[in-house]
């Protein structure tokens with residue numbers, strides 16, 4: 001204990017400045033609270049610095065490179081060249097702009113920003129340790145938003161050539177060969193991106209299919225495109241060990257009883273993320289941990305310590321940035337005495353694969369289980385004028401409704417701009433809209449949005465632009 | 001399993017802030033959707049869901 005240590009009093013201490021934490025801080029400040037936010041690294045958290053934003057920047061660059069290189073567009077001659085260092089430089093400017101924006105928002109909302117690690121020393125007290133000093137903070141309420149980090153496999157410890165998504169986003173050059181262990185959305189997004197940049201990519205997935213949380217029908221087009229880029233996909237494959245030398249790394253994996261090896265410049269391990277709930281003194285704070293290191297919370301994101309709230313990747317549910325931000329607002333409002341609770345009917349999920357996949361609500365199988373008979377409306381991109389003019393006709397929109405009422409309960413989109421099309425469908429489900437409501441809404445022509453309207457018409461049995469079966 | 005209460009996010013918020021369990025409000029909208037007026041009537045003693 002430092003003699004004469006100064007204790008700072010704050011209304012709300014936010015621990016972690018990711019999409020959950022910084023949004024929570026802003027909402028708390030809007031509601032009149034004196035807020036301090038602490039992060040050990042940088043504003044914006046994983047999403048802005050080592051996740052959503054940089055990955056989408058690289059995906060975008062890879063897409064442009066592919067379009068310029070592959071003569072995919074009739075009549076456009078190509079002479080593409082790639083300066084990957086410049087791409088990386090540009091990606092960093094994107095990240096810097098976004099994190100700079102968060103900094104401005106913190107300032108504009110009069111939120112105190114501290115860089116340091118937080119350790120709880122009591123139910124209402126924490127120490128913030130920076131590189132040079134320690135500071136004691138006494139808080140009325142606290143919002144924990146410490147996020148998650150990549151899982152390290154015991155058999156494949158991180159090293160110079162065994163890397164996590166963080167390093168994969170900042171490679172100085174395009175690797176000649178890249179092995180991706182884990183075919184979830186992070187692995188597929190990064191694997192496909194490097195395949196487009198020219199890497200020879202191998203995907204090693206333990207389960208029977210890549211992107212296994214999605215329907216097989218939905219992921220088929222992604223698999224097809226990966227194969228087009230000469231990506232080798234091994235499913236039901238268990239990574240065993242790695243052997244690393246100066247210039248390469250060899251992964252040994254097993255498919256059934258057969259042992260296989262693949263040599264590459266890097267092995268990227270994307271098998272999941274684990275919550276950052278260790279090493280912050282949750283015991284001292286009286287915050288109980290639940291299963292898998294996650295913190296159990298009530299409908300206002302309150303932990304077992306009534307003055308400490310937890311949001312984002314450290315609480316149960318999908319580990320998605322938009323879920324964290326939503327919970328951040330709920331927690332801040334609860335602290336301010338509002339009746340806010342976590343209350344949503346659906347959360348969209350998006351994979352920025354090629355083509356993009358986006359889902360919201362329940363799948364067809366799940367809908368049958370929950371609601372009995374269902375109506376399904378599926379409409380192909382190939383029958384949409386805008387998609388055809390974009391030369392991007394792969395994919396479809398599928399709507400799932402309760403048969404009796406016509407209530408929309410789920411939607412799946414695969415195809416160009418699926419990530420944006422899903423917004424309307426999320427709103428429709430939240431508004432308790434029916435297929436008819438969607439079909440009767442005039443959608444601008446020619447747009448991809450019309451796919452949604454037409455899929456609703458198919459579900460109602462009266463499609464205009466395809467012939468009803 | 002019982003279907004979730006049908007109501008827009010804004011109406012659900014209105015019920016919450018009024019201290020009303022929206023599951024107890026009888027909805028008069030399409031498919032039994034609970035409207036803001038339904039919640040208001042409930043507060044005055046009407047639109048109760050019969051058990």
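Placed from the backbone N, Cα and C atoms, the Cβ positions cover glycine too.
TrEMBL does not curate its annotations; it predicts them automatically.
Record note: TrEMBL gives A:182, A:183, A:184, A:185, A:186, A:187, A:188, A:189, A:272 as NAD(+)-binding, and the candidate from A:205, A:291, A:296 in that site is A:205. Farthest C-alpha pair in the NAD(+)-binding residues A:182, A:183, A:184, A:185, A:186, A:187, A:188, A:189, A:205, A:272: 14 Å apart. Cβ-based crowding with a 10 Å cutoff singles out A:188 as the top-ranked of the recorded positions A:47, A:186, A:188. Other Cβ atoms within 10 Å of the Cβ of residue A:147 (FAD binding site), summed over all protein chains shown, number 28. When the alpha carbons of residue A:182 (NAD(+) binding site) and residue A:148 (FAD binding site) are compared, the span between them is 17 angstrom. Sequence-distant contacts of residue A:148 (FAD binding site), defined by Cβ-Cβ distance under 8 angstroms and a gap of at least six in the same chain, are A:46, A:273, A:274, A:275, A:276, A:313, A:314, A:319.
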